[in-house]
Amino acid sequence: MQQRIQLIDVIRGLCLFGILLSNLLIFQYGMFGKDELDLFSVGTLDWIGYYFLKIFVEGSFMPIFAFLFGYGMVMMRQRSLENNQKPKRKLLRRFLFLMILGFLHATYIWDGDILLTYGMLGIILLVFVARKSKTILVWTIILLMIATATGYGTQDTESVDKQGIEQYISLTTEVKTLGSYTDILEHRQEADPFKIMGIPPEALLVALILMPFVTAPLFLFGMYAAKKEWFKKPDEQMKLYRASLIMIPVAICFKSIYFILPDIHWLGMLSALGANLLAMGYILFIAFIYQKMKYFPLFKGAANVGKLSLTNYLMQSVICTFIFYGYGLGLYGQLGVVYGIILGILVFSVQIVLSHYYLKKWKYGPFEYVLRCVTNWSLMRKNQTDQTYLRKSS
């Protein structure tokens, strides 16, 4: 029986923190407003915070989550084979459930969901789970090249109706600041931002087709890492982890230069490559530091958050929509980027504390428990659920 790898939980927990910081731009300013901060009242410090997030955070933590999805697929397959079970059926049920959960999350709580996309991508990439590591690595490189190509001219807004963008952002700000839950739900379902902004349907179709290619490389890279047994014997892999000391600075340069020279369209490809390269660098750097300081309290706290990653991810949406939307505190567009970062640190700190105490009593989070039941296609008997399955043995 394979043991749970603590380092993977640490990476997953820290990844959730990065995703929260990145998502706070969307929680505060909307999916389109986050790139039009000049329409909001932001100061110099907020602009500094904004570019910090764009370079060091945005686009580089979602791929880590994809990496962990791919890593987990291979680990689950290996466990299933050890138990004489059919792994593809289990994985298919798992990803279908994540798609359903993601759809509900995106529809009724927050439209920045990633579970639906990752569930769909997981099903598509099931064809790779039993492949050799060399095959997976080749496809990782191919898809990484495609993902890099999609970055060409990503800041080219000449074809977009600027007035339409301002109109949509203004409408969204009004609804999310003053609207009730029903108002925001109707706006989410009925407003057509692409039509308002003058984006042609063909462009949207191309974007939807290319979207899986943007996420797939790190997904496959996670599979490759699992097949190569990364993180199982970390003491023997320090040379690999040290590669992060080169990857991170190079990736930061790649992402930064596009903001310095935004009119040079091909630099968008460099930025797209930098986002994935930075994700890889972060993964290896966390592993490197973990080996040096594995008893550092932050790592223990992050591991606990990582063990409850699905529950904590969904709770971040509930907490932040309440803070920023009209049916809660109504702070949409008002807090500022820097205070948003501070808020993210506070929310994650609370999740560390709550996860610590929760795991003292329970083995699985509520959504992790349901996901596990669906994946294994079995429910514990009612009189056994609390004592045997959920509650930790004393």
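Using N, Cα and C of the backbone, Cβ positions are placed for all residues, glycine too.
Annotations in TrEMBL come from automatic prediction, not curation.
Keep in mind the model is a prediction, meaning the values are calculated, not measured.
According to TrEMBL, the protein carries these features:
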type     : residues : note
TRANSMEM : 12-31    : transmembrane segment
TRANSMEM : 51-71    : transmembrane segment
TRANSMEM : 91-108   : transmembrane segment
TRANSMEM : 114-130  : transmembrane segment
TRANSMEM : 137-154  : transmembrane segment
TRANSMEM : 203-222  : transmembrane segment
DOMAIN   : 225-377  : domain 'DUF418'
TRANSMEM : 243-261  : transmembrane segment
TRANSMEM : 267-290  : transmembrane segment
TRANSMEM : 310-330  : transmembrane segment
TRANSMEM : 336-359  : transmembrane segment
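Taking Cβ pairs closer than 8 Å, the transmembrane segment (310-330) reaches residues 16, 19-20, 23-24, 27-28, 105, 109-110, 112-113, 115, 175-181, 183-184, 343, 347, 351, 355, 365-368, 371 in its own chain, all 6 or more past its ends. Counting only same-chain residues 6+ beyond the ends of the transmembrane segment (267-290), those with a CB under 8 A from a CB of the stretch are 7, 10-11, 14, 18, 56, 58-61, 63-64, 67, 144, 147-155, 214, 217-218, 221, 230-231, 234, 237-238, 240-245, 247-248, 250-255, 257-258, 261, 299.
Counting Cβ pairs closer than 8 Å to the transmembrane segment (114-130), the top stretch among 51-71, 137-154, 203-222 is 203-222.
Regional average pLDDT for the domain 'DUF418' (225-377) in the model is 92. Using a cut-off of 8 Å between Cβ atoms, the transmembrane segment (137-154) and the transmembrane segment (203-222) share at least three residue pairs, counting only pairs 6 or more apart in sequence. Away from its own ends, the transmembrane segment (243-261) comes close to residues 51, 54-56, 59-60, 155, 267-268, 270-271, 273-275, 277-278, 280-285, 287-288 of its chain (Cβ-Cβ under 8 Å, at least six residues beyond either end). Residues 62-64, 66-74, 117-118, 120-122, 124-125, 128, 136, 139-140, 143-144, 146-147, 150, 159, 194, 272, 276, 279-280 of the same chain lie 6+ residues outside the transmembrane segment (203-222) yet bring a C-beta within less than 8 angstroms of a C-beta in it.
Here the transmembrane segment (336-359) has Cβ contacts under 8 Å with residues 16-17, 20-21, 24-25, 27-28, 37, 42-43, 45-50, 53, 301-302, 304-305, 307-308, 312, 315-316, 319-320, 323, 365, 392 of the same chain, all six or more residues outside its ends.
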